[in-house]
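S.K.: Okay, handing you the structure first.
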Amino acid sequence: MSFRKVVRQSKFRHVFGQPVKNDQCYEDIRVSRVTWDSTFCAVNPKFLAVIVEASGGGAFLVLPLNKTGRIDKAYPTVCGHTGPVLDIDWCPHNDEVIASGSEDCTVMVWQIPENGLASPLTEPVVVLEGHTKRVGIVTWHPTARNVLLSAGCDNVVLIWNVGTAEELYRLDTLHPDLIYNVSWNRNGSLFCSACKDKSVRIIDPRRGTLVAEREKAHEGARPMRAIFLADGKVFTTGFSRMSERQLALWDPENLEEPMALQELDSSNGALLPFYDPDTSVVYVCGKGDSSIRYFEITDESPYIHFLNTFTSKEPQRGMGSMPKRGLEVSKCEIARFYKLHERKCEPIVMTVPRKVTPPAPSSSRWAIEGVWSGACDWVWLVGCTNAHMPWYQPGVGLCLAGDKQE
């Protein structure tokens, strides 16, 4: 007799989000109010960077991760741009190097001191000049050192050799309108882009050619985003003709129809997707929302599987995502986000619940759960505290399942 599966099995069905305590937040930060659909935040295992309000130019704050609490208004910033900063991105190969794009039409690359800023940083390591309008996108190549992509409101994508400050490739004919975002694939051989003309494009930057294009990926006029997944598929967020927010999954081999298309709600904020290639989970954060939705991407229809929603009280003005090497995996942490409020940055930890009974050594049988509810030093070390162990006696050892009690 066969039974229809009611609940889809998933390792991440019970993932939950937990904001940290107030003393672990970053308080009194004047987050930028510039009108641009950027994350306004970038984080790596050493530093947190936040684009902030500044008079007379653009600036962003760089804080060591352990510098929590109230941030003094006189704390030094990175302030070499003459116009507001629109986007920042940490180098994946060097935790002390960060790139910034600004309304002053330049891209700057900065070397942050090992222990953080002791005084304002005004001199970049290199200035990259090639755009004729403001630069709203900067993103490092995922595998090649010193390769940086920038995109501006001049509809031009430039790929730079940061070491020599020269243009490697100029792509100025592929986008007829404003570029909303750019995302590299896993090995950096291609990138996808979302454009104001409602098209999603897959581009080979070294050949300067268009590999694939989908017109009207989302029919709404509001901003959309596109990111590459680990298997080469493309995940997009956007709006329908009726201004309903949507998610879609596309196969680059056939962009005629989406593999999956889901409608979320009718809010106005752009949806920012964050992808974890190790778990195939996409976290979707809406600007102005107070929630983070997360979905698992699989090879089984309907391909995009809703997992859960983390909800808080305050709306988010931006969001940063910690790389995997900065997570506390011993605590079953699979993601950590840095949510920007109006005046603070709040870390949010995403955790997979673990079973009460940890694995026994291969030469031993499993202990029953009652044994693991105790409070001997060994049990306490693996995470059980302030509990009762009815079968444990000093000098006797653990009573395993199947053992006879004396």
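Every residue, even glycine, has its Cβ placed from backbone N, Cα and C.
Okay, so TrEMBL annotates it like this:
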| type | residues | note |
| --- | --- | --- |
| DOMAIN | 5-69 | domain 'DUF1899' |
| REPEAT | 78-112 | repeat 'WD' |
| REPEAT | 128-170 | repeat 'WD' |
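Can you tell me where each of these features sits in this structure?
M.R.: Broken down by DSSP into helix, strand and coil, the repeat 'WD' (78-112) contains 0 helix, 22 strand, 13 coil.
Mean pLDDT across the repeat 'WD' (128-170) comes to 97 in this model.
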S.K.: Under 8 Å between C-beta atoms and at least six residues away from its ends: which parts of the chain pack against the repeat 'WD' (78-112)?
M.R.: 32, 34, 36, 38-39, 41-47, 49, 51, 54, 57-62, 120-129, 131-140, 142, 145, 148, 150, 152, 160, 162, 323
